[in-house]
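Feature annotation from TrEMBL assigns active site, acyl-ester intermediate to Ser22. The active site, proton acceptor annotation in TrEMBL covers Lys25. The active site annotation in TrEMBL covers Ser82. Positions annotated as substrate binding site by TrEMBL: Lys184. According to TrEMBL, the domain 'Peptidase S11 D-Ala-D-Ala carboxypeptidase A C-terminal' annotation covers 234-324.
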Amino acid sequence: MDATSGNVLVENNGDQRLAPASLTKLMTAYIATLEIRRGQIGENDPVTISENAWRTGGSRMFIKVGSQVTVSDLLHGIIIQSGNDASVAISEHIAGSEDAFADMMNKTAGDLGMTNSHFMNPTGLPNPEHYSSAHDMAILARAIIHEDPAHYAIYSQKEFFWNGIKQPNRNLLLWRDKTVDGLKTGHTDEAGYCMVSSAVRDGMRLIAVVFGTNSEQARAAETQKLLTYGFRFFETQNFYQKGTELAQATVWKGTERQVKAGLAEDLSMTMPKGDMKKLSASMTMNPQLVAPIAKGDVIGKVEVKKDDQVVHTANLIALDAVEEGGIFRRVWDSIRLFFYGLFN
């Protein structure tokens, strides 16, 4: 997947529901950082480790029951050390229980458009009702990268030291490829060896997801193949930047006669190399825009075409608000609109 546009460049069974193992912790960490940004929890908040968290099997951060660990340290333990104990501890701190946190995970998955995911726990430990897909994991990784660059930096750290134990990040590509800066690995007998990874080369960021390989070396090798293929055969072009004035639209019955139009998000396209010259973009404004218009209201659209076929559409939004005009302006424009309708 191209991280800028969200376009899928190549896939094989991308929507198949599979056991995600510790890739689950991408969602656990995402919700934790979301709660931090919302002000619901703080990075330095102390979390008292329950016996339930301490007893959780599998990969561990090695936190001690009854001890207090900060939210920030738990995040590092989840992301770098893949600690099941840290994942349970953060879920209990945020939602009160693993079950309640799983409800949050599923709601968040729905909000992100992850249509082939269902979570039963914050760790990824096996459960027949716990699944995701390669496409959904790419969607989640893209949200992590774009929404919170500060916390995304944790995913590039190669090791974390806690409780006298230094554990390395299991993403072998962090050592092999300097362009790789995240995200997460996973493994269970059911899931095999899985990985979600991202890399940036020449300003282009890609996300690669693999499920079900048979070893740590294999998942790293298959991920590297995907990244190499994407960077070699595709390119990204940024057509317009968000918030930039692209056009002006006529406003009726308002304090202003014109409103500036732009995009809420950057408009970028990723295509096979050589196809960019076949692309063109055009803008269309909604007819008869009538005040009041709020900043952010959709007032038109941009279409990107390849050989006269629409390949991407984005909404144009009002970059400023336009208030309703006075009584004279409203009456006069009503008359003008009446005759405009007669002759059009």
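Every residue, even glycine, has its Cβ placed from backbone N, Cα and C.
Automatic, uncurated: that is what TrEMBL annotation is.
If you average pLDDT over the domain 'Peptidase S11 D-Ala-D-Ala carboxypeptidase A C-terminal' (234-324) in this model, you get 91. Over all protein chains present, the Cβ of Ser82 (active site) has 26 other Cβ atoms lying within 10 Å. Taking the C-alpha positions, the distance from Ser22 (active site, acyl-ester intermediate) to the residue listed as 'active site' comes to 7 Å. Taking only the Cα positions, the spacing between the residue listed as 'active site, proton acceptor' and the residue listed as 'active site' is 7 angstrom. Helix first, then strand, then coil: DSSP counts for the domain 'Peptidase S11 D-Ala-D-Ala carboxypeptidase A C-terminal' (234-324) stand at 3 helix, 57 strand, 31 coil. A separation of roughly 8 Å, to the nearest angstrom, links the Cα atoms of Lys184 (substrate binding site) and Ser82 (active site). DSSP assigns the residue listed as 'substrate binding site' to a strand in the three-state reduction.
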